[in-house]
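Here's the structure we're looking at; comments come further down.
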Amino acid sequence: ECKYLWGTCEKDEHCCEHLGCNKKHGWCGWDGTFG
């Protein structure tokens, strides 16, 4: 189960596709890959 946008995370693998973990804030955000 992956975390959606703004979901809490500790690393990128916790987030859904096209999302990456913002380690400074501890939530998932867009990682810049849309293709």
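Cβ coordinates come from backbone N, Cα and C, glycine included.
The disulfide bond annotation in Swiss-Prot covers Cys2-Cys16 (among others). Under the DSSP three-state reduction, Cys16 (disulfide bond) is assigned to coil, being neither helix nor strand. Spatially close to Cys16 (disulfide bond) yet at least six residues away along the chain are Cys2, Lys3, Tyr4, Cys28, judged by Cβ distances under 8 angstroms.
Secondary structure from DSSP puts Cys9 (disulfide bond) in coil. What Swiss-Prot records for Cys9-Cys21 (among others) is disulfide bond, and it gives similarity to another entry as the kind of evidence.
Among the features that Swiss-Prot reports, disulfide bond is placed at Cys15-Cys28 (among others). The 10 Å shell around the Cβ of Cys28 (disulfide bond) contains 23 further Cβ atoms across the protein chains shown.
Cβ neighbour count for Cys21 (disulfide bond): 21 (other Cβ atoms within 10 Å of its Cβ, all protein chains included). Note: Cys9 (disulfide bond) has non-local neighbours Lys3, Cys15, Cys21, Asn22, Gly26, Trp27, Cys28, i.e. same-chain residues 6+ apart with C-beta under 8 A of its own C-beta.
Each of the disulfide-bonded residues Cys2, Cys15 was assessed for Cβ neighbours inside 10 Å, and the highest tally belongs to Cys15.
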